[in-house]
Amino acid sequence: MKALLVLGFLLLSASVQAKVFKHCELARILRSSALAGYRGVSLENWMCMAQHESNFDTEAINYNSTDQSTDYGIFQINSRYWCNDGKTPRAVNACGIPCSALLQDDITQAIQCAKRVVRDPQGIRAWVAWQRHCQNRDLSGYIRNCGV
């Protein structure tokens, strides 16, 4: 019985480990997911935004006390508008997903939700980190030597 508890704990802890992508690994995934060039947003811009939002960490979570919302995952997608965390007042959930889906090692749902975000009029400007760190900058270094 004790061995089963230990095994269960080990399996549970393994399933909640954060994935921190290496930059070329993430660049290849974003390219193969048709995010590169989506709505005119280059792969370099996506990479810059993801680095400055989460440092490529799938389990990044940041609480915003001003509006009681939380940003989730590699793209730091906000619970006020895009996902449901069950605690953000007046949440819209425009992506139609639980915020926990944005914390998965498999970032397929995060990519789909990011595509939904950029379809709005703000586009990539919805991400403050992109505005502060990426907009109107030379971003070529984000994919240099990645073969993408």
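From the backbone N, Cα and C atoms, a Cβ is placed for every residue, glycine too.
Look at Swiss-Prot and you will find Glu53 (among others) tagged as active site, backed by sequence analysis. For Glu53 (active site), the Cβ neighbour count at a 10 Å cut-off comes to 22, with all displayed protein chains included.
If you look up Swiss-Prot, you'll see Asp71 (among others) marked as active site. For the recorded site, Asp71 (active site), the DSSP three-state label reads strand. On its own chain, Asp71 (active site) has Glu53, Ala60, Ile61, Asn62, Asn64, Ile77, Asn78, Ser79 as residues at least 6 apart in sequence with a Cβ closer than 8 Å to its own Cβ.
The feature disulfide bond is assigned by Swiss-Prot to Cys24-Cys146 (among others). DSSP assigns Cys146 (disulfide bond) to coil, not to a helix or a strand.
Annotation for Cys48 (disulfide bond): same-chain Cβ neighbours under 8 Å, separated by at least 6 residues, are Trp130, His133, Cys134, Arg137, Leu139, Tyr142. Cys48 (disulfide bond) falls within a helical segment according to DSSP. Under the heading disulfide bond, Swiss-Prot lists Cys48-Cys134 (among others), citing sequence analysis as support.
Taken from Swiss-Prot, the feature disulfide bond covers Cys83-Cys99 (among others). Taking the Cβ of Cys99 (disulfide bond) as reference, residues of its chain lying under 8 Å away and at least six apart in sequence are, in sequence order, Thr70, Tyr72, Ile77, Ser79, Cys83, Asn84, Asp85. Taken residue by residue with DSSP, Cys99 (disulfide bond) is part of a helix.
For Cys95-Cys113 (among others), the entry in Swiss-Prot reads disulfide bond.
Taken from Swiss-Prot, the feature domain 'C-type lysozyme' covers 19-148, and the record attributes it to sequence analysis.
Annotated signal peptide per Swiss-Prot: 1-18, in sequence order.
Over all protein chains present, the Cβ of Cys83 (disulfide bond) has 29 other Cβ atoms lying within 10 Å. When the alpha carbons of Cys146 (disulfide bond) and Cys113 (disulfide bond) are compared, the span between them is 25 angstrom.
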